[in-house]
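Over in TrEMBL, the protein carries these features:
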type: TRANSMEM; residues: 45-62; note: transmembrane segment
type: TRANSMEM; residues: 74-93; note: transmembrane segment
type: TRANSMEM; residues: 176-195; note: transmembrane segment
type: TRANSMEM; residues: 202-222; note: transmembrane segment
type: TRANSMEM; residues: 279-302; note: transmembrane segment
type: TRANSMEM; residues: 322-344; note: transmembrane segment
type: TRANSMEM; residues: 374-393; note: transmembrane segment
type: TRANSMEM; residues: 399-421; note: transmembrane segment
type: TRANSMEM; residues: 485-509; note: transmembrane segment
type: TRANSMEM; residues: 515-536; note: transmembrane segment
type: DOMAIN; residues: 546-596; note: domain 'Cationic amino acid transporter C-terminal'
type: TRANSMEM; residues: 548-567; note: transmembrane segment
type: TRANSMEM; residues: 573-594; note: transmembrane segment
Amino acid sequence: MADGTMRERMREGMTSLWLAINRKKTVTDDFHDTPLKRCLNTFDITLLGIGHMIGAGIYVLSGTVVKDLAGPSAVLSFLFAGFAAILSALCYAEFGARVPKAGSAYSYTYVTLGELWGFIIGWNIVLEHLLGASAVARAFSGSLDSIFNGAIRNSTITNIGYLSKESEWLSDYPDFIAFSVTIIVFIVVGTGAKFTMNFNNVFTVLNMIVIVFLICVGFYFADIHNWENTKNGGFFPNGFGGCLSGAATCFFAYIGFEGIATAGEEAKNPERSIPISTVTSLGIVTFLYIMVTAALTLMIPYNDVDPNAAYPMAFAMRSAEWAKYIVAIGTLFGITTSLLGSAFSLPRTIYAMSSDGLLFSIFAYIYPRTQTPVWGIFTFGMVSAVMALLFEIETLVEFMSIGTLMAYTIVGASVIILRYLPVYKCQFKLKPEVEAEDVRPGPIMENEESSILKKSKSHDDFGRLKEKLKAIPLLRSFQPGNASLLATFLILVCIVCFCATLIFGFSYIEAGAWWAILLVILFGIAIIGCFLVMVAHEKNDAFTTFSIPFVPLIPILSMFCNIALMLNLNYLTWIRLGIWMVVGLTIYFSYGLWHSHEARSTNGYGEIVHYTGEANISCSTISNMNEEVLEQQPPRNPHEDFQGAM
C-alpha cells in the first residue's frame, strides 16, 4: 500500500515537473510594454547589424580563409555563408517582428516551445555574446599590435612572462589591451541605448568609408592572373571542398544579425524595423565581404596573404605604404563596432531572462537615469573582460559558434511549429477571416469553386490535414498541430544523422561501402517524408506581422546548414559546451524553475473557450454551458470555436 502511494506521488511529481518545464510564456495585452527606452529607428538598428557583422569578418577572418582554406574561391565562401545566414535571419525577422523582446531567440522559443527550451537557448545566446565581445576585443588588441609590429605582445611577455605555452585553453600571454577595451565599451553601453547607437553609427560610417576606399584601391592594383595562375592552383587551389570549408568558417562573420532582434524591445516600430534592418544589413554586408575578398585576391597571390594583417600587408607588397595605415585605422573602427554590438546585446539577453524569473532578479534592475540593465552590464562586462585577458581568439570564436548555431537551429524549428499550431493555441493576433462570396444560382465552374474555397478557409483549419488528404489513415488520428510537431522533432534527428553520416563516413561513402550509402538514402527519405507530412497540413499565413515565405522549406534548409556546421566543430568545443550547459541547467533547476513568473500565473494558456461541466457534451447543449470567451483572435461564431477546440 505504501509502495503504491509512493509510486503515485512520484508519478504526480514527474507530471508536475513535465508541465512546469514545458509551460509557455503568455503573450498578454501589455506584452509590448517595457521599462527600456524605445528610441531606436530603422536606420539605427540597420547600422547596429552592419557594425556588428562587418568588423571581425573583413579584418580578421578573410585573410585566414583566403590563405589556409579557399584561396580566391573565398569570394564564393562568403557568398555561401551569407546564403546560410540569411535563411536563419529570415526566421529571426519573423519572430523579431512578432515578439519584439530583448531576449531574441530566447523569447521566441519560450513562447513557442516552452520554458526549459527557452532557457537552454537563452543560456547559449549569453555564451554567444559573452565570447563574441571577448573574441573581438582580442582582435582589436592584435590589430593595434600589428601597427607597432608586435611590440605590445613582446613587451608583455618580457615584463610579465608567459601565461601558458601551447595550451589549448589559455592564451600565451595576458592581454591587457583586450581587457581594457572591453571595459571601456561596456561603460559606453551603460550610458544608454541612444548614446550607444550614436557612437556605433559614427564608427560604422567611418568603417564603411575605409572599406569603400579599400575596394577601390584594391581593384586599382588588381591583376586577373592571380585568379588564373595554375601554378598557384587557380581559382580553386584546394578544390570545391576548400571553398565549402571556408564557408563554414565565414559563417562566424554573419552572426551579428542576431543583435538586431535583441534591439527589438528598444525599437520605436519593431514590426517594421526588425525585418527591414535584418534583410538590408545582411545584403549590404554580404556584398561588401565579396568585394573586399575579390580585391584582396586580385591584388596579390593568395599564398602571399598574411592572415594576421591581410589588407595592410597586401598594400605594402604593392608599394602603397600610405594605404596600409589608412586600412589599419579602419580595422580598429570596424572591430570597435563589432565589439559594441556584442556588448549591447549581452546584458539585454540577461535582462530578458531575469525579467521572466529564470535568472537572478538583480539583473532585471533598470537604472532610471540611463534606462539600461546596469547590473547585467557590470557583471557580465567584467566576465567578458577577464575572458579576453586569458583566452586566445581561436578558442573563443569556435566555442561561441556552437551556441549560436544551436540557437539558430531551434529558432528555425520554432517557426515551423508556430505556423502549424491550431488557432486555439496561437497567442498572436491574426488577420480577420475572409468570408466566402455569395454563390450565384446555376452551375459552378471549377475555377470559381476553387476561388470560393480558398477565400472561405477558416482559421480553425490551421494545423489540420488538408481537405483532400483527410483519408490518410495514420495522419488523421493526430490532433491539430501534433503531427507537424512530431515531424519537426523527427526531421531534426534525421538531419543530424544524415549530416553525421556524410561528414564522418565520407571516406566509406567514397569507397562505395554499401551500408554507408544505404544510411544516407534512408535518412534522406526520412527527411523528405517528414517534410511531406508538414505540407500535408494547413498552414497559418494569417499573422498581421512579417511572415517568411516558403515555410517549412526555408526553416528546414536553415536547420540543415546550421547542424552541418555544428558537426564540423572540434570535439573540445562540444566538451566546453557540455560544461556550460551543466552550469546553466543547475541554475535553472535550483532557481529559475521555482522563481519563474509563469509559475505564478493562474490563467490558462491560450485557451479561447473555458467551460465547466462534463467533457463529453453535445453541440445541442452548448447554449446551457457557463462559458467565458477570451477574444485573443478576431470575433467568430462561438459554436465554431468550440468545434475547433474539440
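Using the three backbone atoms N, Cα and C, a Cβ is placed for every residue, glycine included.
Whatever TrEMBL says is automated annotation, not expert-curated.
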Across the domain 'Cationic amino acid transporter C-terminal' (546-596), the model's average pLDDT, rounded to a whole number, is 87
The recorded stretch from 45-62, 176-195, 279-302, 399-421, 485-509 sharing the largest number of CB pairs under 8 A with the transmembrane segment (322-344) is 45-62
Per DSSP, the domain 'Cationic amino acid transporter C-terminal' (546-596) contains 39 helix, 0 strand, 12 coil
Highest Cβ pair tally under 8 Å against the transmembrane segment (485-509), stretches 74-93, 176-195, 399-421, lands on 399-421
The answer for the transmembrane segment (45-62), taking Cβ pairs under 8 Å and residues 6+ beyond its ends, is 74, 78, 135-136, 139, 142-143, 197, 200-201, 203-205, 207-208, 211, 249-250, 252-257, 259-260, 263, 267, 273-274, 276-278, 280-282, 284-285, 288-289, 292-293, 296, 310-311, 330-331, 333-342, 344-345, 393
